[in-house]
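Worksheet for the structure shown next.
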Amino acid sequence: LQTMSGNEHDWLALKPQEPSPSQCCGSGCKPCIYDVYEKDLAQWERAKAKQDKSLLMEKKEQSSNSELNPDTFTGFNIISVEQLTEDTYQYKFELPGNSSLQLSLGQHIVLRGVVNGLEVQRAYTPISPGNAEGYFEVLMKCYETGLMSQYIKTWKKGDTVFWRGPFGGFPYQPNKHGELLMLASGTGLAPMLPILQSITDDEEDETFVTLVGCFCTFDKIYLKPLLKDLAGYWNIRIFYILSQETSLEKLPWSYQENTYTGRLNEDLMKTIVNSCRRRPFVLICGSSAFNEDMSRYLKAAGIEENSCFVF
């Protein structure tokens, strides 16, 4: 009898744990962490019915493989940490050999962190080109009270961090849309960058792009040198909207003509949409409040929902 309960105890120890709500990043990943749990649970039930623990081993083998995978978390080492603004960092992760993440444009990956014993998961979009070899880079904003931020703030070069993916993405095709209007708030810039870079890297791609970056202040604009380079291309325009700047006089002269102070509102949206050279297809990325506001202003400017994609 003793062995029986011992055996039961062993099996219970192997049973997958149901995820807590904090572990779901809410980005609609397929498979979601709950899907992975259902699959693992079914596998555990089959193994238990057959009393064969080797049936549980296949899962363990995957995660030591150093390739990104949607079902299991894989560890990647941090090669460098760069602080961009007071609360925003750019992290560079190592990929084994000269491999690349092979992400489609605008796809995101999910980070797992443990804070005070609580597991948290969040989605981030790498800003490095999908075909970058040997590394990938992620832009991250740390919030004072954010659970994941507390974990991220402890990172240093050489640490191993666990990711799974890829998920989502915008099915971009060169020259499919006459003009892309990108509305990005803060780190919402991330999914826009690989798409912009793929357009500038492809001489055959003649898509016009209008990028509208919404930031609090001039100092909070990330990656200025990269954005300046992109704005030098004939088919790319970049506007900045700075909600906490009161006047443009203190800004460098080169920024004054394409920067607005205050918030992106309905009137300004109409102005921007009307200034597009062709009828735009719109990409939106920011907080849920930002995304809702943008959809509303776009509707008022005559852009229908089927001409928008929200990251």
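Cβ atoms are placed via backbone N, Cα and C, with glycine included.
For ARG122, TYR124, LEU139, LYS141, MET148, SER149, the entry in TrEMBL reads FAD binding site. Sequence annotations record features per position, and here TrEMBL assigns domain 'FAD-binding FR-type' to 71-173.
Features as recorded by TrEMBL, highlighted on the structure.
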{"residue": "TYR124", "record": "FAD binding site", "Cβ contacts under 8 Å, 6 or more apart": "HIS108, ILE109, VAL110, LEU111, VAL138, LEU139, MET140, ALA190"}
{"residue": "LYS141", "record": "FAD binding site", "Cβ contacts under 8 Å, 6 or more apart": "ASP87, THR88, SER149, GLY186, THR187"}
{"residue": "MET148", "record": "FAD binding site", "Cβ contacts under 8 Å, 6 or more apart": "LEU111, GLY113, VAL115, VAL120, ARG122"}
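The Cβ neighbour count for LEU139 (FAD binding site), using a 10 Å radius over every protein chain in view, is 23. Excluding the listed site residues ARG122, TYR124, LEU139, LYS141, MET148, SER149, the same chain places LEU111, MET140, CYS142, GLY146, ILE152, THR187 with Cβ atoms within 8 Å of the centre of the FAD site Cβ atoms.
With DSSP states grouped into helix (H, G, I), strand (E, B) and coil, the domain 'FAD-binding FR-type' (71-173) comes out at 6 helix, 50 strand, 47 coil.
Once the Cα atoms of ARG122, TYR124, LEU139, LYS141, MET148, SER149, the listed binders of FAD, are compared pairwise, the greatest separation found is 14 Å. Residue environment of ARG122 (FAD binding site) contains 19 other Cβ atoms, counted within 10 Å of its Cβ in all protein chains. Mean pLDDT across the domain 'FAD-binding FR-type' (71-173) comes to 88 in this model.
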